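Asks: Here it is, the structure in full.
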Amino acid sequence: MPAKKEQIQLQKEILNQEMWDELLSLEGLTVIDVYQKWCGPCAAVLSLFKRLRNEIGDDLLRFAVAEADSIETLERYRGKCEPCFLRYGSGQLVNVVRGVNAPALLKNVERELKQEHKVLEEGVERVVIKDPLLAAFEAEEQQAAQAEELEKKRLEEEARIKEIKELGDAGEVSVRPVSQGTVDTLMHGRQDGPQTEPVPKEVTVVLIKPDAVANGHVDSIIAKIEEHGFEILTTEDKTLTEDEAREFYKQHEEEEHFEVLVTFMASGPSKILVLTRGDTGEGVVSEVRNLLGPKDIEVAKEEAPDSLRAQFGTDKKMNAMHGADSKETAAREMAFLLPNFSVPIVPGTGPPPTIEKTLALIRPSALKDHKDEMLQKIQEAGFEVCLQKMVQLTEDQAKEFYKEQEGTPHFEDLIREMTSGEVLALGLAKESAIQSWREFIGPTTIDEAKEKAPDSLRAQYSIPDTQVNVVHGSDSVDTAEKELGFFFPKQTTLAVIKPDAAGEHKEAIIEKIKEAGFNISLQRDVELNKELASKLYLEHEGKEFYENLIDHMSSGLSMVMVLSREDAVDGWRTLMGPTDPDYAREHAPESLRALLGKDVLQNAVHGSSNPEEAKTRIERLFPDVEVLPGGEVKDSVASISMEQSQVKGEGEEGGEEQTEQPAGEGEEQQAEQPAAESGEQQAEGGEPATETATEGGEQQAEQPPAEGGEKPAEEETQQTQEGETPAADEAQAEQTQEGETPAADEAQAEQTQEGEEQKPAEEEAAPATEETAAEQAPAAEETQQTQEGEEKKEETEQTQDAPAAGGGEEAVATEGGGEGDAKPEGGEEKTEEQTAS
């Protein structure tokens, strides 16, 4: 009982969080015995603490016992049976001792009490620590949490991929790991945008002092730092002047060793490091100080033998390293030592980065021996290869590209090198790509590159016996755009989202298209009939799978698009991936067909094979547009959506509106295209035009006259002239019945006059069509005579006068619309009209 009373008098008993907080609010050194409720405080140290109190007799020294089970702050100390003594200097942890080591306890308490007096009375910096054991536990927990989070993400990704696989339109999809953004984009057509407010990472500054630099410990210290998971953001060698050292350590100017410290820090070069950790850097200041260890080398060797100061320091002054003691101090020291350094922001915060594109050329000599190695280095440096092409330049092309260097000493050598073999042209993308690439390849002059940037591409892969370097890079945004256009001219291509993907994944595919840098110039939802589908796959006609392919393409809605970009044809085919989804999953796992394709027929997307094919098929599916030589798309109407509108009116005004409004493909060409032009196109069109005209004529011959009589006169007349091309839509049918035909009359009359001059050529181009049109004209005349009014009679006369022009126009309209094989039944006419629009 007396012993218990003595213990209570010597050590204040702390039983709850409130008492703990009150204890730590007191000034001075507090030695706390942390115990478990089931075993009680450590009785072995009572005599030692009593002796200390009696010998020292200092009011700033106090002792306490704290029950870990009832104090929230001590939660991590629960369940530990080893005696643990925490020492707090005015509420801040300054030391931890585990186990009963009387000499160490005695020595440490005396030293720490003396240091606390200096802190309180002289303003000396207090060294605050984190319990090393708890720090290790927290690091393990953090690693476990990160591993758990990664596993959770992996399982979520697998679940999402499984979800894709279970969808009817997705088929067998690769179960490779993909990013959250990729899955979200493919599944939902969305990506989470970055936050708008930038959050800087927490960083700290470390100086490797002159003694450690002189002793050759820099590389070993850096290796130790990296082993502990710290990221070194930048390094710099710096020799402080005495004035700089005095300013840097001004908080210590009242200490007796201050001048010695200043002289030492100015005695040789130091190594400055800026460190962070993880995505946010949170807690990096205290973690680095724990790694450095106590300032006093003897204490460090005794209490933290694995610390950097214990391993590399010499004495208290020459203790190898300096580390900032707070975030504020780190910011001040960084501004003093590295004023131009920009602290990185936490990923996912701040505005999205500005991505630039630049041109890179690998010249023939380096390409022949080092292609794969150089490409690997480029990708490892963070550049994304968006465009890639092997090019054999002619001398004229090389001189045109480098015309601004004409007259320089090495111009002829440069042209000789650029034409000596194939050049690899790359379109690279990265944040600040232009400047980053120029820094990566090094100075233009080889000697300068080897001296100032020995790790650069120009230094590593230089060509012997020449001053021509191995790589080229654009030097500005304007130059990059111009040079990319030289090697990767802007093109237009046709893209089709097939029925198996158009319903479920259309928006996701469009998002991927935009991410790849394509501009969608035109797009329409189209239900292809077999005739139009066959035009898309002419090259596969006769193959075993051809009929199944045509059946699939005409089985539902597709989306047809016109895409524009540098090297658009090859770029879209790369994004699509190989035709066989199984092969694509193995060789191009990020491609659309790898992710969404089922088999070679249901492989999600289609694209043109070359620019010429793209132009032909775009103009076939979008007859109201023209693909210009530079790849641009010219729309012949103000708005695509205007095609579906109906303009109703009477008289001359209504006729003019009707002429401008593209009610159908055949009508548009009939109203706007002269007969002479038709003849030329007919001749140039070659075999497809002839075949279409013939097929159209055969179908006209088979058409029963009685069926034509049941239709409005104007509609049948146009069918006669156009070889059954479905040029008349519902709007035109209504307009015809109401007598709105002046525009068509004017167009036909004009074509008749021109047709008199061009008639011989047109008769040679399409004899079958002309004969058919002549045979059908009487039937059309009889039908038109049933209409009331003088206007209808004039229409009939003009229709009879223009059989030759109608025949020529028919061939052109059929070729342009790609619908010469249409059946005359009304229901199918309507389907083809919807397809054309």
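The backbone N, Cα and C atoms fix where each Cβ goes, and this holds for glycine too.
So Swiss-Prot says this about it:
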{"type": "COMPBIAS", "residues": "638-647", "note": "compositional bias 'Polar residues'"}
{"type": "COMPBIAS", "residues": "652-670", "note": "compositional bias 'Acidic residues'"}
{"type": "COMPBIAS", "residues": "671-707", "note": "compositional bias 'Low complexity'"}
{"type": "COMPBIAS", "residues": "718-752", "note": "compositional bias 'Low complexity'"}
{"type": "COMPBIAS", "residues": "766-787", "note": "compositional bias 'Low complexity'"}
{"type": "COMPBIAS", "residues": "805-819", "note": "compositional bias 'Gly residues'"}
{"type": "COMPBIAS", "residues": "820-837", "note": "compositional bias 'Basic and acidic residues'"}
{"type": "DISULFID", "residues": "Cys39-Cys42", "note": "disulfide bond"}
{"type": "DOMAIN", "residues": "6-115", "note": "domain 'Thioredoxin'"}
{"type": "REGION", "residues": "355-491", "note": "region 'NDK 2'"}
{"type": "REGION", "residues": "633-837", "note": "region 'Disordered'"}
Asks: Work out, from DSSP, the number of helix, strand and coil residues along the domain 'Thioredoxin' (6-115).
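Replies: Summed by class, the stretch gives 50 helix, 31 strand, 29 coil.
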Asks: Using Cβ-Cβ distances, find the residues under 8 Å from Cys42 (disulfide bond) that belong to the same chain and are at least 6 apart in sequence, listing them in sequence order.
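Replies: Asp33, Tyr35, Pro83, Val100 - these are the non-local Cβ neighbours of Cys42 (disulfide bond), listed in sequence order.
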Asks: Cys39 (disulfide bond) has how many other Cβ neighbours within 10 Å of its own Cβ?
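Replies: That number is 9.
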Asks: Looking only at the region 'NDK 2' (355-491), how are its residues distributed among DSSP helix, strand and coil?
Replies: 66 helix, 30 strand, 41 coil
Asks: For the region 'NDK 2' (355-491), provide the mean pLDDT of the predicted model.
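Replies: Residues in the region 'NDK 2' (355-491) carry a mean pLDDT of 90 in this prediction.
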